[in-house]
Amino acid sequence: MPLDLDSSPAPPHRDWFFPPAPPFLPSSRAQTPRTPFPSTSRSSNPYSFSDRRPPPTPRYPLPPPEQQQQQPPPTPPPAPRRRDPRYAGIRRGDARTLAAEKAAAAAPTVAPVHGSKSASSATTLRWSGMVSVAAIVLCFSSLLRCNFSLYDQVHHLKGQLAEATTKLQSCITESSMDMSGILSYQSNSSISHDRSLKNFALLLSLSTLYAPLVILKYMDLFLKLRSSQDSEEVPINKRFAYRVDIFLSLQPYAKPLVLLVATLLLIGLGGLALYGVTDDSLSDCLWLSWTFVADSGNHANAEGFGPKLVSVSISIGGMLVFAMMLGLVTDSISEKFDSLRKGRSEVIEQSHTLVLGWSDKLGSLLNQIAIANESLGGGTIVVMAERDKEEMEADIAKMEFDLKGTAIICRSGSPLILADLKKVSVSKARAIVVLAEEGNADQSDARALRTVLSLTGVKEGLRGHIVVELSDLDNEVLVKLVGGELVETVVAHDVIGRLMIQCARQPGLAQIWEDILGFENCEFYIKRWPQLDGMQFEDVLISFPDAIPCGIKVASYGGKIILNPDDFYVLQEGDEVLVIAEDDDTYAPAPLPKVMRGYLPKDFVVPKSPERILFCGWRRDMEDMIMVLDAFLAPGSELWMFNDVPEMDRERKLIDGGLDFNRLENITLVHREGNAVIRRHLESLPLESFDSILILADESVEDSAIQADSRSLATLLLIRDIQVLSRHGNNLNCSFNFQFYPALLYMVSLITCSCLQSCTVFISQCYIIVFYI
């Protein structure tokens with residue numbers, strides 16, 4: 001702990017080092033005054049440079065050496081009191097004090113009156129005490145001197161440290177001033193460098209913005225000066241515009257790419273311009289430019305003419321970019337909805353029924369397919385034709401039949417284009433139906449042939465078989481040749497003619513055909529039963545209690561179907577049985593029933609009698625109907641043909657169709673010319689004498705289904721009225737056969753007729769039977 005003479009107050013008893021004189025010593029002994037040790041005052045904070053004070057002077061300063069030599073020795077003052085404040089503090093002993101005490105002790109004293117013995121003993125005690133005290137004082141004084149010498153060295157070192165600190169502070173101040181000058185110089189140089197960069201960025205943005213415009217504007221003038229006046233060259237701006245148009249029209253992602261490039265250029269040029277007119281960094285300016293592009297209201301906080309001008313320009317560009325983006329998004333959404341509305345999107349289906357083409361038979365075909373899919377919980381029908389999707393959906397909605405869980409998807413496209421076929425998943429379809437077009441028969445069959453060629457060209461292959469509607473029987477060979485085993489043909493015109501002839505000879509047969517071919521009641525099913533292998537067909541006939549076997553699908557003949565085979569035909573492995581049943585899960589073979597022996601009835605033959613049949617109207621392929629009718633009728637029968645086609649033209653058309661009059665064995669042709677919708681012409685015919693009357697759709701209006709049906713209906717009403725008025729209406733055995741295109745059966749059923757049929761319904765039912773079997 002440092003000893004500071006001025007820091008603490010004097011203790012109550014300050015003479016702890018030099019004890020008071022004993023009472024036997026005289027108090028008037030002269031004492032040599034002690035010179036106090038110079039005291040120094042220390043600062044509380046020696047390292048403070050703001051408040052430096054000069055070192056304090058000693059309390060009792062000593063004069064310089066020169067003055068000490070010239071000055072006479074001082075007169076010894078009287079002995080101070082022990083409580084004198086001048087002697088407060090530690091008393092230090094030195095050589096002068098010790099010598100004075102020794103001299104005082106050696107001086108002669110006056111002996112007291114007590115005697116010499118007491119004086120000598122007191123002197124002896126005083127000397128021994130003084131010697132011990134002197135020794136003690138000497139030891140302590142040496143220790144104190146060493147202590148104070150160390151203290152002086154420490155104080156001196158502190159002073160040197162303070163001086164060094166002062167000098168170091170001054171050096172630091174000078175160096176900081178030098179560094180500030182250097183930094184200010186560097187700052188000024190960096191500011192000037194940044195200013196040059198900002199100017200360069202501003203010039204670069206402006207030149208990049210206006211240079212292409214200037215080049216495009218004056219390049220043509222430069223080329224005109226270099227080229228001759230007679231040469232015809234396309235200007236550069238037109239060529240550039242042409243290239244841009246080609247790029248935008250051919251590239252599918254051209255518009256989004258142009259929008260992206262325009263946005264990036266606007267952000268980059270705007271960021272460079274902001275960097276040139278503001279004090280922000282380049283990254284901050286680019287981000288600020290993006291905020292101006294994204295939100296045009298962010299430029300309101302700009303300060304200064306330059307930043308305001310640039311920010312307003314970027315905001316205007318951002319509004320244009322936003323308008324471009326909005327237009328692009330709107331166009332994309334509109335194109336998507338247009339493609340959906342027009343049926344251009346792709347169909348992702350499998351095991352669906354694909355219908356190619358559009359005709360008047362489509363309604364009844366869709367109805368029959370929906371009935372067939374009812375047991376499966378519904379299905380999917382895809383219709384593709386060269387019509388607008390909205391029109392097809394509207395026409396289908398007008399038919400108003402129960403779909404029974406079946407979904408109908410319409411697509412617009414051409415079956416001749418392979419891309420359109422892939423769009424409707426043609427390779428995954430369960431069955432494909434190709435409808436014949438309305439109009440010329442040869443053109444319709446030619447188009448059907450090209451459609452089959454397109455279907456066979458699918459690389460992925462076809463899972464289902466193809467059912468093709470043909471208009472002319474002669475073209476069936478070509479389609480079979482192209483399609484092979486995958487194609488099944490239905491000559492609708494020929495089938496309708498044959499059905500009408502059979503129904504004309506057997507009243508009520510049309511209803512049976514409708515029940516068999518349709519899916520409302522019983523229908524045809526084909527299935528393999530391994531337990532029937534090795535059994536004769538006559539035993540197969542009685543093996544199904546809930547079904548009627550009709551034929552065999554022979555596996556060894558490539559799946560050929562044989563109707564009503566021989567009774568002794570033995571079923572082989574792989575053969576399938578064709579039956580008529582209510583549903584595919586309602587029948588199964590049972591054990592052979594026991595048959596009681598008995599007598600078989602005798603064979604009898606119903607004798608045939610000549611018949612008279614009337615054909616009202618003229619249709620295409622009339623020669624086919626005549627040949628079939630000649631095979632069914634008895635010899636001596638007559639076929640009356642009443643239509644407005646001249647007789648010479650009829651014979652020519654029949655001969656061109658392949659009819660040989662010499663080969664007709666059972667019928668005789670009788671020609672009558674007239675209009676079937678004129679009552680006067682019909683009354684000229686012996687209508688009461690005909691066994692059957694067939695009203696055909698006239699060839700002249702065959703292309704229009706509504707007109708053909710209206711004409712056929714008018715003819716039926718006229719004939720029935722004539723028969724009633726001629727008093728033969730009470731006993732009419734004449735059967736009528738009506739060829740319809742749309743469904744007008746309900747209207748005709750109100751009239752008393754024996755047989756009515758719709759060709760479109762029959763053909764549709766034939767399609768269903770063919771591609772389901």
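Glycine too: its Cβ is placed from the backbone N, Cα and C atoms.
What TrEMBL says about this protein:
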- 1-86: region 'Disordered' (REGION)
- 55-79: compositional bias 'Pro residues' (COMPBIAS)
- 125-144: transmembrane segment (TRANSMEM)
- 200-219: transmembrane segment (TRANSMEM)
- 257-277: transmembrane segment (TRANSMEM)
- 309-329: transmembrane segment (TRANSMEM)
- 350-491: domain 'RCK N-terminal' (DOMAIN)
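Averaged across the domain 'RCK N-terminal' (350-491), pLDDT in this predicted model comes to 88. When each of 125-144, 200-219, 309-329 is scored by its Cβ pairs under 8 Å to the transmembrane segment (257-277), the top-ranked stretch turns out to be 309-329. Across the range of the domain 'RCK N-terminal' (350-491), the DSSP-based residue counts are 64 helix, 31 strand, 47 coil.
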